[in-house]
Amino acid sequence: MPSPGLLVLFGSQTGTAQDVSERLGREARRRRLDCRVQALDSYSVVNLINEPLVIFVCATTGQGDPPDNMKNFWRFIFRKNLPPTSLCQMDFAVLGLGDSSYAKFNFVAKKLHRRLLQLGGRALLPVCLGDDQHELGPDAAVDPWLHDLWGKVLGLYPVPLDLGTIPAGVPLPSKFTLHFLLAAPRVCSEGQRVAGTDPQGPPSEQQPFLAPMVTNQRVTGPSHFQDVRLMEFDITGSGLSFAAGDVVLIQPENTASHTQRFCQVLGLDPDQTFTLLPREPGVPCPARLPQPCSVRHLVSCYLDIASVPRRSFFELLACLSPHELEREKLLHFSSPQGQEELYSYCSRPRRTILEVLCDFPHTAGAIPADYLLDLIPPIRPRAFSIASSLLILVAVVQYQTRLKEPRRGLCSSWLASLDPGQGPVQVPLWVRPGGLTFPQTPGTPVIMVGPGTGVAPFRAAVQERVAQGQSGNVLFFGCRLRDQDFYWEAEWMELEGRGCLTLFTAFSREQERKVYVQHRLRELGPLVWELLDRQSAYFYLAGNAKCMPADVSEALTSIFQEQGGLSGPDAATYLARLQRTLRFQSETWA
C-alpha cells in the first residue's frame, strides 16, 4: 500500500455517517490506498497533528448539535489554547449529513470545516452538504463530491501504475469470519442478551436496562386510522434519571416470521452457533453480540433485515452474485446512473432488505455467511419522547405502498405486540438527553406546539413546570378528531381549570376547511407576539418533519410582520435569532 494512510473519522447518530464512512473506506481500498475508518470519539485526537490526510464525515443532530460519538472530539477541537498552526501538515475534507427542514442545516460540518482551516489545515474541497430531504437522499450531493475527492487525493498521492484499481465487481475481504461450531451449545435468545438487570453504571446502548413493561394501552379511538399506544415501564433499580425533553431509546427485535424467512432464503440453520473473528487486528467484535452466538439471535436481535437498504447494500450484493441477470441488475442499482431506478424500486415503496433478497433468490442463496455483517447494518435503537415518569407515547407505524404487504415500523410494531397482561415482558432501554431544553429562570413563559404524538415531550415538561410552581405554560395541540386522538384531554382540562395551562386546539377534520396548529398560531398572533417579544418566552415545536415545521415557521414570520411591524427580511432575522439563542427549539421526525 502506498503511503500516506487515509484516515476517515465519523460522527454518526443514526448510522448514515458511519455507512458513508465505510463506503469511503471501501473506495479507498479499491484505489489501493491504506485506509482506517473510526468513530471520532474512539480516535485519540492528539494524534491529529501527525495525520497527513483526513476525511471527516459528520451528521448534525437536534438544534445544530454534534452526534453523541463526536462530543468529546468537538470539545477538544474548539479549545481556545490550540495553536493556529496545529494542523498545518494536514490535507482534509469535510462531508456533512443533515436535514434541510432544520434551521441549522449541516451546522456541525460547516463549523468543523471553518475550525480546521483556523488550525492550519488545507481543505481539498468545499464542505459537502448531504440532505436527507432530497428525493435521492444524501447521495445526490455525496456522489459528485466523492468523484472530485478521489481526483484530488490521487493527484496528491498517485497510486503506482502496476497496482491499478480493484474493479467494482470484485468483493473486498469481509470484516469478520464466522467460525461455526460443530457441537452447538444450546443457549436461548433471552439468555444471550448482553443487557443485564443489574448494570454497572447507568444503562447504555452497550448495556441497556431490561425494564418490565407495566401497561400497553391504546389511546386512540377504536375507529381511528392510527393505533397510538401509551406504554409504561418500571425502572426501579435501573439507575436511570431524566428531565423533561429527554428521550428513551429502545432496542427492538425482528419478528419470528421475518427471521425464519431470512434464514430460509439464505439457506442458514437458525440453531447453528458460531464465534465471530475479525480479519484485521485491532478491529473489535460488535459489543451487542454474545460469543458464541446462534444464527437465530444474530438475525432476530442484530441484523436490520426490515430496514430499507442503502446503496452500499446493492454494491456488495452485486459483487457476491453468481447469477448473471441478477448481478447485472444489482450493478445498475449501485451505479450513479441507476439511482432514479433504485429510488423507484426501493426507497419510494420502502422495500426492505428481506424483500430485496427474496427478489434476488439466486444471489441471496449464494451469500457467504462471513459477509452478513458487511452487508446488513445493525438494528439501530429507536428514540421516543418521554411523556412523564417513564411513560412513552408510540404511534404504531403502518402504511400501504404499492407493495402487497403493508409497511410496518419495526420498533413500534414490536412494542405494540407485547402484552404484559399475558405474562412478564421486558424491554431493553436506556435514556439520553433530548433536543429540547426548558428554561430554568422562574417566570419565563413557554409556547409549545405539539400536534399528534409531538405532544408527548410537552406533557412531561408541563408536569415538571407545574410541580415547580411555574405558570405561563401555553400549549397548541392538533389532531384529527376530538373524540378519537385527543391525547390526555382530561388531564389538559384539569390543568387549565387550575390555571396552570393555557390550551389551544386544532381539530383538522371537524369542519369542512382543515384547521392545523399553524392556523391557530396565526389567529392568536397578538398573544404569540406579546409572549415572545415582551415576555421573552421560549418557543418549542415537536412532531412530524414533513410539512408542519415549515408551515409553523411561516406562521411565525407572518406574526412578526403583522404584530411587530417587521419587514420580511427583518422577520426572518428575528426568527433566526430566536433559533440561535435556543428560544426556538424543535424536535421533528420522519
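Cβ coordinates are placed from backbone N, Cα and C, and glycine is handled just like the others.
Features of the protein shown, as given by TrEMBL:
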DOMAIN    6-150  domain 'Flavodoxin-like'
BINDING   12-17, 59-62, 97-106, Asp132  FMN binding site
DOMAIN    206-440  domain 'FAD-binding FR-type'
BINDING   Arg350, Arg382, Ala383, Phe384, Ser385, Gly409, Leu410, Cys411, Ser412, Trp589  FAD binding site
BINDING   Thr453, Ser508, Arg509, Lys514, Val515, Tyr516, Val517, Gln518, Asp551  NADP(+) binding site
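Mapped onto this structure are the features recorded in TrEMBL.
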residue : record               : Cβ contacts under 8 Å, 6 or more apart
Ser12   : FMN binding site     : Gln18, Ser21, Ala39, Val57, Cys58, Ala59, Pro67, Asn69
Gly15   : FMN binding site     : Pro377, Pro378, Arg380
Asp99   : FMN binding site     : Thr60, Phe105, Asp131, Asp132, Gln133, Ala545
Ala383  : FAD binding site     : Val247, Val248, Leu249, Arg432, Gly434
Leu410  : FAD binding site     : Pro252, Asn254, Asp304, Ala306, Ser307, Ile379, Arg382
Thr453  : NADP(+) binding site : Val228, Ser385, Leu393, Val394, Ala395, Tyr487, Gly543
Val515  : NADP(+) binding site : Ala506, Phe507, Ser508
Val517  : NADP(+) binding site : Val449, Pro451, Phe476, Phe477, Gly478, Ala506, Met548, Val552
DSSP helix/strand/coil residue counts for the domain 'Flavodoxin-like' (6-150): 58 helix, 34 strand, 53 coil
Spatial separation of Tyr102 (FMN binding site) from Ser412 (FAD binding site) - C-alpha basis, Å: 25
Number of Cβ atoms other than its own within 10 Å, given for Gly62 (FMN binding site): 19
Among Ser385, Ser412, the one of these binding-site residues whose Cβ has the fewest neighbouring Cβ atoms within 10 Å: Ser412
Cα-to-Cα gap, Tyr102 (FMN binding site) vs Asp551 (NADP(+) binding site), nearest whole Å: 13
Nearest recorded site to Gly62 (FMN binding site) by CA-CA distance, among binding-site residues Arg350, Arg509, Asp551: Asp551
NADP(+) site span - longest C-alpha distance across Thr453, Ser508, Arg509, Lys514, Val515, Tyr516, Val517, Gln518, Asp551, in Å: 19
Among Arg350, Arg382, Ala383, Phe384, Ser385, Gly409, Leu410, Cys411, Ser412, Trp589, the record's FAD binders - longest CA distance, Å: 25
